[in-house]
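*Asks:* Shown below is the structure under consideration.
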Amino acid sequence: MEPLARSPLFRNLPPLLLLLLPLAGSGGRTVAARGSFWHITDLHWDPSYTVTDNPGLVCASTGTRPAPNAGRFGHYHCDSPWDLIDSSINAMKVILPEPDFIIWTGDDTPHVPNEQLGEEAVLSIVGNLTRLLQLAFPKTKVYSALGNHDYHPKSQMPPGQSTMYEQMAQLWQDWLEPESQRTFQSGGYYSEQLLNKTGYRVLVLNTNLYYDQNKLTENVADPAGQFEWMDNILTRAAQKNEKAYIVGHVPPGFFEKKRSKPWFRPDFNRRYLELVQKHHAVIYGQFFGHHHTDSFRMFYDLQGNPISTIFITPGVTPWKTTLPGVEDGANNPGIRVFNYDPSTLLVEDSVTYYLNLTYANAMRERWEKEYRLCEAFQVPDASPSSMHAVLERLAGTGCDLQKYYEFNSVSYDLSACDADCRVDHICAIREVDFERYEQCLLREGTAATPLAFIPLLIPTALTIYCAAL
Ligand SMILES: *[C@@H]1O[C@H](CO)[C@@H](O)[C@H](O)[C@H]1NC(C)=O
Ligand SMILES: *[C@@H]1O[C@H](CO)[C@@H](O)[C@H](O)[C@H]1NC(C)=O
Ligand SMILES: *[C@@H]1O[C@H](CO)[C@@H](O)[C@H](O)[C@H]1NC(C)=O
Ligand SMILES: [Zn+2]
Ligand SMILES: [Zn+2]
């Protein structure tokens, strides 16, 4: 990527203003007709972050890992310092100061043991981030979903009414209609007309209820009655001819950076998939976080037609995951604008912006456009059929997989995506269903027999070639 800042013409502009330049020439579409909204997620503020020469004392979220050369905007072993959070929100204001709305999919607290937090600490962190966003966007509607880290103890969301749900609803009262307050207090989820417009709807889910780390919902058939509620809301939406977006934190399906690693319990995963298959005609987009990476998930009907897509937006925190089996799972901080058609809710495109953390710490704060979806993958829009076409490109023999792979970590990990990596990503994107995912691994897999190795030589060479571009 050639930073605009290097061009002498732009040298005297304040750094954040440079961001506006890529927006000016955004290709053949009529920009005015489009709607746009922000999606931000996984801010994971670590209030303990301090720039110091002692690599053991930089932040609590590093655990036992040293954090040498920590800078003002953060460290890949740590969650976000305040300066990074503030920088992200400022970048949002500079890039797109008047979005139609904002989707915020949670995880605000640092990755530290429960003993270092508590109900009050969690509420204080969520409260301060809420205030920051409200100060920056006082007139903008925010659809805010709970992340598994926005609770104490973490991930232990109860399948019914709780004081933490009540207090969270209090913090977000400006963003919630009265009926939303009510359902939020009793289960952490809600649904409203999108921007209070007839014919449009948003469902903000508490999918932390389905997370396999949640001990409180292990033997509950339909935690907080959310599935039944969702089924009813979507049934009524169909009757009323509404179009809907779904917003949540923990997505169904598998983590693309670790083979056979799902988040939902099996029954919950199946139920979610069935609901999307049943109601896909009213669902125009699904927006999730939790991975900290940039990816997407496809849903198909029984005939194999693409019917829905989950867009997984990368996190603001650069924190390298400690999940065993993930190699170097850090990322650069990312934020994303979606372009959509306000009359149809068709997702038209997305633009991801990022802060190169290494550069920011060494030089200065510089948010750059990372990529525009339609431009990078040569599709007309981000509809399910277009996203299926993107997947087919990734599964093909060109350089698209490598390009996607670099975006996956927000241009942090630029190494080659090898044959195993290819299978992990392709199958996670293609199959949300547990059994079909395992079948995909076998089908796409590298079952390491000597003969199977020969045709692999070509894609491997290609991967190295693409990474070197
Ligand atoms: C949140 O802001 C308040 C008021 O500025 C401050 O007292 C509190 O310490 C902040 N919370 C955290 C976790 O730093
Ligand atoms: C939503 O629209 C209805 C009818 O147009 C209006 O009465 C209501 O006050 C609006 N609600 C909000 C939160 O703007
Ligand atoms: C990020 O910045 C560092 C330091 O300037 C540079 O070496 C690296 O190539 C940059 N990464 C990207 C993706 O531009
Ligand atoms: Zn997270
Ligand atoms: Zn999470």
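The backbone N, Cα and C atoms fix where each Cβ goes, and this holds for glycine too.
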*Asks:* Please identify which of His292, His388, His425 is recorded by TrEMBL as part of the Zn(2+) 1 site containing Asp42, His44, Asp107.
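*Replies:* Between His292, His388, His425, TrEMBL records just one in the Zn(2+) 1 site with Asp42, His44, Asp107, namely His292.
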*Asks:* Which of these, His75, His280, His290, does TrEMBL list as part of the Zn(2+) 2 site with Asp107, Asn148, His249?
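*Replies:* So the Zn(2+) 2 site in TrEMBL includes Asp107, Asn148, His249 plus, from the candidates His75, His280, His290, His290.
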*Asks:* I'd like to confirm something. Which of the binding-site residues, Asn148, His249, His290, has a Cα closest to the Cα of Asp42 (Zn(2+) 1 binding site)?
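*Replies:* Looking at Cα distances from Asp42 (Zn(2+) 1 binding site), the smallest one goes to His290.
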*Asks:* Could you tally the C-beta atoms, other than its own, that fall within 10 angstroms of the C-beta of His290 (Zn(2+) 2 binding site)?
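*Replies:* Result for His290 (Zn(2+) 2 binding site): 25 other Cβ atoms within 10 Å.
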*Asks:* What Cα-Cα separation, expressed in whole Å, is found between Asn148 (Zn(2+) 2 binding site) and Asp107 (Zn(2+) 1 binding site)?
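*Replies:* If we compare the Cα positions of Asn148 (Zn(2+) 2 binding site) and Asp107 (Zn(2+) 1 binding site), the gap is 6 Å.
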*Asks:* Sequence gap of 6 or more, Cβ distance under 8 Å: name the residues on the same chain that satisfy this around His249 (Zn(2+) 2 binding site), in order along the sequence.
*Replies:* Thr41, Thr105, Gly106, Asp107, Ala145, Leu146, Gly147, Asn148, Asn206, Thr207, Asn208, Phe288, Gly289, His290
*Asks:* Taking the center of the Cβ atoms of Asp42, His44, Asp107, His292 at the recorded Zn(2+) 1 site, which other residues in this chain have a Cβ no more than 8 Å from that point?
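*Replies:* Close Cβ neighbours, site residues excluded: Thr41, Leu43, Asp79, Gly147, His149, Gly289, His290, Gly315, Val316, Thr317, Trp319.
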